[in-house]
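The transmembrane segment annotation in TrEMBL covers 6-25, 45-65, 71-89, 101-120, 132-152, 255-274, 286-306. Marked as region 'Disordered' by TrEMBL: 171-227. Summarising the annotation, TrEMBL assigns compositional bias 'Polar residues' to 204-213.
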Amino acid sequence: MIKAKSIYEVASAVVPLYVAMFLGFGSVRWWNILKPDQCSGVNQFVSHFSVPFLIFSLVSTSDLYAMNLKFVVADSLQKVVVLVGLFVLSRFSRFGSLDWSITLFSIFTLPNTFVVGVPLLKGMYGEFTTPLMAQIVTLQLCVWVPFSLILFEFRAAKLLIQDHDIDHHHQVLPNDDDVEDPNQSAKSEANGHVENPSAASPGLGTNPSNNAPHVSDQTDDDSKAGGNKQQMASILVMTKLTLIMAWKKLIKTPNIWASILGLIWSLVAFRFHIKLPAIVEGSITILSNTVSGMAMFSLGTCLNYFRSTN
């Protein structure tokens with residue numbers, strides 16, 4: 001049976017988040033305190049400062065040498081199971097698609113662990129869950145977020161190549177002026193004034209004279225080889241575009257850098273038993289403490305725009 005004290009602890013951890021979101025919503029919807037450009041500024045502050053500093057704080061203060069392997073393996077296994085299931089659904093079912101697979105994988109396996117998950121787990125289970133959450137954040141940002149980004153860029157590259165092929169197909173189509181009138185062709189044949197006998201023949205597969213070579217088999221082989229080369233070229237181009245765009249997105253993401261720097265510092269600090277200077281640690285703490293309130297406040301402001309578009 002759940003005790004009333006446990007319910008109160010969970011509520012005391014979650015309700016303040018929604019109070020901040022309500023204030024953000026009301027600031028735009030009812031009170032006209034914030035303008036759209038100001039809401040964008042709040043969102044930029046959260047994404048470029050608050051969240052990266054919280055990620056660095058969680059990862060750098062977690063002893064990665066004492067990771068809970070069962071917990072980490074269980075988290076990774078559930079992501080792999082979901083990924084395989086979505087791949088099978090998109091490959092062998094008419095209801096599945098690459099777009100839905102990427103979306104559902106992100107929803108099912110990449111929750112908002114460091115904004116909502118940290119205070120929620122603290123309220124439900126206590127302070128000992130913070131190191132576990134740091135391990136999840138580290139794996140999520142170092143492994144699964146880049147993997148999801150690669151999936152998004154693979155989709156974008158696939159659509160880009162498809163659009164290019166469609167444009168190329170339209171470009172090589174003959175114009176109306178270039179197509180010979182069949183009635184005129186028939187009249188020319190009847191009058192015996194065919195200027196190009198090969199053009200008047202039904203196709204390369206026919207052999208109107210004994211001296212004309214039969215080249216249909218050779219043409220089929222050449223077309224198959226050309227199709228295979230074109231397919232391989234498309235795959236290489238798609239892979240190159242995916243890697244380039246994913247790399248450009250990753251190096252511009254503050255969360256990735258915060259996770260990598262936190263990982264490096266954690267390995268160094270717990271190996272040689274050193275700590276950050278008090279000035280640096282205090283600066284990180286002040287900014288990281290703003291993430292929960294500011295992130296939910298920013299979410300509240302964004303709900304107005306979601307509501308207006310719908």
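Please read every residue number as a count from 1 along the shown chain.
Cβ from N, Cα, C; glycine included.
Of the two recorded stretches, the transmembrane segment (6-25) does not lie close to the transmembrane segment (255-274), with fewer than three CB pairs under 8 Å once pairs fewer than 6 apart in sequence are set aside.
The listed stretches are 45-65, 71-89, 255-274; of these, 45-65 has the most Cβ pairs under 8 Å to the transmembrane segment (286-306). Residues 95-96, 100-101, 104-105, 108-109, 132, 135-136, 139, 144 of the same chain lie 6+ residues outside the transmembrane segment (71-89) yet bring a C-beta within less than 8 angstroms of a C-beta in it. Sequence-distant contacts of the transmembrane segment (45-65) (same chain, at least 6 residues past either end, Cβ-Cβ under 8 Å): 114-115, 118, 130-131, 133-135, 137-138, 141, 254-255, 257-259, 261-263, 265-267, 269-271, 276, 284-285, 287-288, 290-291, 294-295, 298.
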